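Step one of this worksheet: look at the structure below.
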């Protein structure tokens, strides 16, 4: 037992020391370039490095006790915001969050395999959409009745909180699959296959309702401007995706020397176009165009690039970038939580609404797979597996507050703070609870495949899971 602890703790210490070394070297480089920006306690660069380092350490400590790392990162941001005098530059915080959102959308777009989606059962598609919509509506009604927000803003609350977290769900389900649990009936495939589609549905609906809620005009034209922007973003994204079918030129499969370079060119083309889409549309005050444009562009471009064998390498590269984005994303949304700005009744009613929403989601998830030939225990497991939240909430939870501050509208700012509270609480509650329930209920609720012998998995391979490959992990 002691040997196991040593094997666990020593690598963790090595990782933390490596991060401290990188932190020190990066800061010293920045100090050499610009002492004013980096040296003071509240210097822009130093402040960001401090929150990054502490969030990383907090995440690793949570990992050590089997709690999702994103919870530690979130709590680190909350602690720094409320217990220290560190001040982060708002524009840099916004830029970092937008970067993380762009990477999330690119990963979601290129990960969706149309061939795999066509093979997904009708049950899987129902599982992807129905619980998402039901939870959003239940949350909206609860928020409207208990916190008295306008209904459009309540729908924004609903779709911020309803998206599942593949970052929590997928690794655990892959482990279940490797151990042979539920694979005879394709339950890991069912859960993994629906998680990304669920996120895309939630983000799309969030953008539409946010644009409607932010409209201060009563005219039909102004009200429809947000949805029109979203449609324009979709069309522009598809157009750019099709353009990437011919640019850059196709590389000969036999050209071993040029092929890696061609893959890197495509990766940087995709990444820079996606980030430009996010930043430029925001700069031009067309915020609703960005997310759907990035999603559609990456999905359409991947249709051709998947056939040419470039996608797995791109997923690996985006995963490397996501390692840094994730730490900033969760710590920064935690930093936005100021206890002095929150009212206790808002927190309490938010918790009530979230619990009711999770119950409604679980019941819907259990019922929606009826007729799929599953046992009651398997129904219960699917309901549990649809609980964890995290990544999407961190990416979009602060957007309404940021837009409200840009408009300098105190009423909208209060709505934005409420939405941020919901987003943070949904992560803190559902991520560890969902991860725990999935991990420990799986062996009890799912049947282990008879093909599993001597711990050698001989069932569904990782490559056979819809839109998921080893490159994701």
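From the backbone N, Cα and C atoms, a Cβ is placed for every residue, glycine too.
In TrEMBL, the transmembrane segment annotation falls on 224-245 of the listed ranges 224-245, 290-311, 378-399. Looking at 313-335, 451-473, the range annotated in TrEMBL as transmembrane segment turns out to be 313-335. Long-range contacts of the transmembrane segment (224-245) within its own chain (CB-CB distance under 8 A, at least 6 residues past either end) are made by residues 204, 207-208, 210-212, 214-215, 266, 269-270, 273, 277, 281, 286-301, 303-305.
In summary, the transmembrane segment (412-438) does not lie against the transmembrane segment (186-212): fewer than three C-beta pairs, each 6 or more positions apart in sequence, are under 8 Å.
265-281 is the stretch from 120-142, 149-174, 186-212, 265-281, 347-370 with the greatest number of Cβ pairs below 8 Å to the transmembrane segment (313-335).
The list of residues near the transmembrane segment (265-281) in space but at least 6 beyond its ends in sequence, with Cβ under 8 angstroms from a Cβ of it, reads 95, 98-99, 101-103, 105-106, 110, 233, 237, 240, 244, 247-248, 287, 289-291, 293-294, 297-298, 301, 305, 310, 313-314, 317-318, 321.
For the transmembrane segment (120-142), same-chain residues at least 6 beyond its ends with a Cβ under 8 Å from one of its own Cβ atoms are 151, 154-155, 157-159, 161-163, 189-191, 193-195, 197-198, 201-202, 205, 352-354, 356-358, 360-361, 364-365, 368-369, 371-372, 382, 386, 422, 466.
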